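Participant: Please see the structure below; I have some questions.
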Ligand SMILES: Nc1ncnc2c1ncn2[C@@H]1O[C@H](COP(=O)(O)OP(=O)(O)OP(=O)(O)O)[C@@H](O)[C@H]1O
């Protein structure tokens, strides 16, 4: 058995006291003397002020840095956004802006703008200069030098006196240092035998284009000459070349292989032949006198054998009259060179540049070794061609007699509505209006043949000419018509440019050409050199309304009678308001550039990229 546990008794004691040491008392503050305390406070205050300044500056700096950071960040964001913006978005914006602006414009303003855009696109063509000159950036700044001086009394004239002469002859001149007009061949210093010869041909006084054009060309200036059909442009550009050739020959006679001094380019073989014959007569008149040397002229056209003219090539050569294709051929074969050629004239220049000859002209220019005097002449020269040509000429002078593309006022224009099926029969009746010679124009080669056949059947002495005829047939037609052996010549429109037949009484336009310029050239075969003539034009349902509108305006401009069916044709542009200006591409008054038939035709031709003629010098 176990013993019970013993519980020891506990003694209750009071808790032991907690002792604290003196220095552990919180409230204890050592004693600091007053002076020392004041100094300490002062020091504290001073140091606090300086720190506050520092803090403030620091804070400001930090704030500035923060702002800079934010700006940089914003710029980064903007840059990123800019990069992310697609071209499409920009295009949309431009489009939107344009749409808003367009909404504010009138229809006329919109059309004007569209026209300007098309014109700018056309104007962006390469300058008319040789490839070499373009590549080398050769640009002539000063006109060619000339030894010709106007007589003293002309030099002494005041500008006001010159202006009065221009006004009197309805001549508009543009350009720098315009040479003075002279209204007398002798005062122009044209050699006496030539003046006498011209007189014998009833050419006694210069026509307006001659009195300004000849002095301009004599002065060595590049020029654009615009004047009515039959107003004597041929003499205006041939005479200066003849004078230049005389001067060169007198200085040092030409021997074989030398020359030519100048070249005249024409768009058709017939026109080149006619100009060549003119040059031959004028140079022969000089030589006949015995005081002047013989000048040699070469006709350079397709369809003829150049062998026949080898006698000319065997001598020094002064003047070449050419169509572009054959000229390029001769230059490439080095039958002659343009090393000393100083004069380049283009007759019917608007056609030369427009009718697919532009590249040929550039090619021809590449054969020139130095600066030349360039002259462009035509009865029709739309603004577009003038502007284009101006950039290629050196300080050009523009000599303009009447509106470019206006009809000759000496032609009485009659427009008749004739049904298609009635045309042939009515033609016979129409032929009775005047005595021969008469020219009938048709746009279509087959129609030309049909008309000739019909007339022959009816006993009318008629010849026909168009681009598909052989050179012999073409020459025969021209010769027999010119000599008076044949009364009527039926021709395709292309035969119209520049041909000068004696006293054509009546021009009948069997089918109205689409381009009003062609009409102007066709009616211009009559009413030449101051005489009057009649032009009868057949129109009907097949004639495009726009062509009729061009015709209407042309008749109005020339003060001619406008038949009721033409009067009733409304101009859609008139309804839109705005100025009715001539089309800058073709000069037609009845339409704008956006619906110009000539431009359409050019574009179609360019797309088909085929040439007008196989020999480049024919029609
Ligand atoms: N000063 C003049 N006085 C009278 N007749 C002239 C004069 N000058 C030229 N002629 C004659 O006028 C006719 C027409 O001249 P030319 O063929 O040079 O005209 P054009 O202006 O070239 O016409 P187109 O634009 O149709 O080619 C010619 O028969 C020419 O002999």
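From the backbone N, Cα and C atoms, a Cβ is placed for every residue, glycine too.
Please treat TrEMBL annotations as automatic predictions, because they have not gone through curation.
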Participant: According to TrEMBL, which of these ranges is motif 'Q motif': 125-153, 154-182, 183-211?
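Facilitator: Of 125-153, 154-182, 183-211, TrEMBL gives motif 'Q motif' for 183-211.
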Participant: Excluding the flanking five residues on each side, which residues at least 6 beyond the ends of the compositional bias 'Basic and acidic residues' (52-62) place their CB within less than 8 Å of a CB in that stretch?
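Facilitator: Apart from its flanks, the compositional bias 'Basic and acidic residues' (52-62) reaches none.
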Participant: DSSP helix, strand and coil counts for the compositional bias 'Acidic residues' (63-73)?
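Facilitator: The breakdown for the compositional bias 'Acidic residues' (63-73) reads 11 helix, 0 strand, 0 coil.
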Participant: Average pLDDT across the domain 'Helicase ATP-binding' (214-399)?
Facilitator: 91
Participant: Do you know the DSSP helix, strand and coil residue counts for the compositional bias 'Basic and acidic residues' (52-62)?
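Facilitator: Counting residues by DSSP class gives 11 helix, 0 strand, 0 coil.
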